[in-house]
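**Student:** Among the features that TrEMBL reports, ATP binding site is placed at Gly8, Arg11, Arg91, Arg137, Arg140. According to TrEMBL, the feature CTP binding site maps to Gly8, Arg11, Arg91, Arg137, Arg140. Residues or ranges marked as Mg(2+) binding site by TrEMBL: Asp21, Asp23. Per TrEMBL, domain 'Poly A polymerase head' is recorded for 4-122. According to TrEMBL, the domain 'tRNA nucleotidyltransferase/poly(A) polymerase RNA and SrmB- binding' annotation covers 149-211.
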Amino acid sequence: MHIYKVGGAVRDRLLGRPVSDVDWLVVGATVEDMHAQGFRPVGADFPVFIHPKTGEEYALARTERKSGRGYGGFTFHASPEVTLEEDLIRRDLTINAMAEDAQGNLLDPYNGKADLENRILRHVSPAFAEDPLRVLRVARFAARYAPLGFNVADDTLALMRQLSVSGELQALTAERAWKEIERALMESQPQVFIEVLRDCGALHELMPELDGSSQALAPLRQAAEHDQSLPVRWACLMLAIHDTTQINAVNQRFKAPRDCQELAGLVGDCLPLADRARELEPSALLALLQKFDVYRRPQRFEEFIAACQMAAFARGARSYAQADYLRGAASKARGVDVKPLVARGLTGQALGEALKAERLHVLAQHKATASCV
Ligand code: ATP
Ligand code: MG
């Protein structure tokens with residue numbers, strides 16, 4: 001039995017980047033050998049095991065054949081006869097298809113190291129076309145390594161284009177696609193993910209509603225530069241869609257998490273109001289705060305402000321005075337105490353109206369103060 005370190009750990013060590021998780025490959029072993037060594041299988045019919053002490057993943061060398069449409073359409077063949085080269089050839093990119101033995105020697109049958117040095121994302125073999133998820137993976141790696149100067153090889157982009165026009169991307173489940181989208185959005189240059197998808201025709205298949213021009217992607221770019229959260233980045237991306245109904249359609253297509261869906265919808269609807277915040281009458285400002293439920297959901301309003309600010313930066317603004325104004329308004333409205341009103345004997349509708357009047361009063365003061373400075 002031979003054990004190799006494979007995949008991202010080998011790649012990132014060569015790049016001098018931190019290695020987060022290590023994947024291991026076992027050549028020349030049977031399922032029984034693994035059980036005998038104390039490894040636990042991750043699933044009934046998948047040749048991957050968990051190390052009893054480190055908890056890391058050890059996969060038996062395998063070959064793969066496409067047997068149908070979509071992700072389910074794969075048959076695996078794991079056996080002690082499968083060689084290292086046969087296992088590595090089924091992988092997506094040459095830079096992901098390198099292995100390292102126990103002595104630290106690099107095994108690199110598909111020239112991943114040269115591609116790494118030349119900053120090229122290149123598919124390993126024509127079998128690349130068998131899994132449409134790889135289109136998203138390549139775009140994600142392009143977003144991650146863009147700061148290092150990586151580009152997608154022309155013939156790989158051509159394969160991605162073929163996969164896109166063939167309609168195969170439609171076979172991806174929402175869950176698999178979202179996992180890639182989410183990870184790509186958290187990379188340092190997430191706009192590159194969208195640009196690569198655009199350039200190979202995948203964007204047209206996955207999110208035809210979205211304007212993939214660099215101008216439309218500028219808010220997302222700002223969001224990444226300012227280390228914003230996933231919901232803010234998603235909302236900023238959705239600003240490249242100009243219609244709220246279409247934003248909702250995209251949200252649902254990928255089953256985006258609730259916080260992402262909500263924020264994208266709210267930003268799509270309310271950004272123009274935020275931009276005019278200082279001109280809004282107290283009643284309009286209060287309506288905005290109520291819509292966000294700033295009393296119970298202060299964090300969501302913060303994220304809304306952040307997204308509006310990123311959009312302003314994307315238009316070339318140096319600062320966004322509305323941010324502090326909106327924050328101040330929310331905190332004033334939240335600060336209105338209901339207890340004195342209750343103490344005055346108010347209940348039900350009368351209490352609601354008194355509370356609203358009090359909040360309008362503090363917002364009017366807030367507006368007056370802000371216009372003095
Ligand atoms: P990350 O740093 O994002 O974890 P990684 O390269 O380790 O990057 P994983 O998703 O952990 O990516 O997968 C481990 C390895 O398995 C990859 O390096 C690649 O060789 C292979 N791999 C994973 N998914 C696919 C796929 N859909 N098609 C082909 N090869 C894949
Ligand atoms: Mg990994």
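Placement of Cβ uses the backbone N, Cα and C atoms for every residue, glycine included.
Predicted automatically and left uncurated, TrEMBL annotations should be read as such.
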**Student:** Under 8 Å between C-beta atoms and at least six apart in sequence, can you list the same-chain neighbours of Gly8 (ATP binding site), or say none if there are none?
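**Tutor:** Looking at Cβ-Cβ distances below 8 Å from Gly8 (ATP binding site), excluding near sequence neighbours, one finds Val19, Ser20, Asp21, Asp23, Asn96.
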**Student:** Within the set Gly8, Arg11, Arg137, Arg140, which binding-site residues show a CB-to-ligand 2 distance under 6 A?
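**Tutor:** Passing the 6 Å Cβ check against ligand 2: Gly8.
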**Student:** Provide the three-state secondary structure of Asp23 (Mg(2+) binding site) computed with DSSP.
**Tutor:** strand
**Student:** Can you give me the average pLDDT across the domain 'tRNA nucleotidyltransferase/poly(A) polymerase RNA and SrmB- binding' (149-211), rounded to a whole number?
**Tutor:** 97
**Student:** Given the binding-site residues Arg11, Arg91, Arg137, Arg140, which one's Cβ is surrounded by the fewest other Cβ atoms within 10 Å?
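**Tutor:** Comparing Cβ neighbours within 10 Å for the binding-site residues Arg11, Arg91, Arg137, Arg140, Arg137 has the fewest.
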**Student:** Just report the maximum Cα pair distance in Å for the recorded ATP binders Gly8, Arg11, Arg91, Arg137, Arg140, no decimals.
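**Tutor:** The widest Cα-Cα gap among those binding residues is 15 Å.
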**Student:** Would you please pick out, from the binding-site residues Asp21, Asp23, the one with the fewest other Cβ atoms within 10 Å of its Cβ?
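**Tutor:** Among the binding-site residues Asp21, Asp23, the lowest count of other Cβ atoms within 10 Å belongs to Asp21.
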**Student:** Taking the centroid of the Cβ atoms of Gly8, Arg11, Arg91, Arg137, Arg140 (ATP site), which other same-chain residues have Cβ within 8 Å of it?
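**Tutor:** Going along the sequence, the neighbours come out as Gly7, Asp92, Leu93, Ile95, Asn96, Phe141.
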